[in-house]
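*Asks:* Structure in structure tokens, see below.
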């Protein structure tokens, strides 16, 4: 009888903790973050998914908004990307504003300072979701990765469309 009780108790415990990864208020600390893994939910051209990623710097501005900065190489030119991040009425979502404005969902993992950002993107008239695991260093945290894979499985992302971008140093734009 005790074995049956413990089996049921452990099953319930694992079920209750299976959803540790939940949409939550996006409240990152200021600092440097790294995109560790990227997944897309539908067919998407490989060349459209970033293969090399520089560190992402998040800063809080005086008006309460956040700014994210990173650099990327495109056609052998370095481009600095600045994105404004604003909280929405739904604390689990943020709007990102650069050229286009779109709303992303934030998912907190079980590891501190590790987030999954899920952003929609229009491509050839279809909405594609892109999920990115973001962490405070280049070392991949096994628990955060486990949370990421559990999340993309739950959200029905295709496991064949997962990319681990190469971490690169930030480049210096010509105008800087």
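For all residues, glycine too, the Cβ spot is worked out from N, Cα and C.
Straight out of Swiss-Prot:
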- 1-18: signal peptide (SIGNAL)
- 78-171: disulfide bond (DISULFID)
*Asks:* Around residue 171 (disulfide bond), how many other CB atoms lie within 10 A of its CB?
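*Replies:* Summing over all protein chains shown, residue 171 (disulfide bond) has 15 other Cβ atoms within 10 Å.
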*Asks:* In the three-state scheme derived from DSSP, which category covers residue 78 (disulfide bond)?
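*Replies:* Once the DSSP labels are grouped into three classes, residue 78 (disulfide bond) ends up as strand.
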*Asks:* Restricting to the same chain and to sequence separations of six or more, state which residues have a Cβ under 8 Å from that of residue 78 (disulfide bond).
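*Replies:* Those within reach of residue 78 (disulfide bond), by Cβ under 8 Å and sequence separation of 6 or more, are 71, 72, 171, 172, 173, 174.
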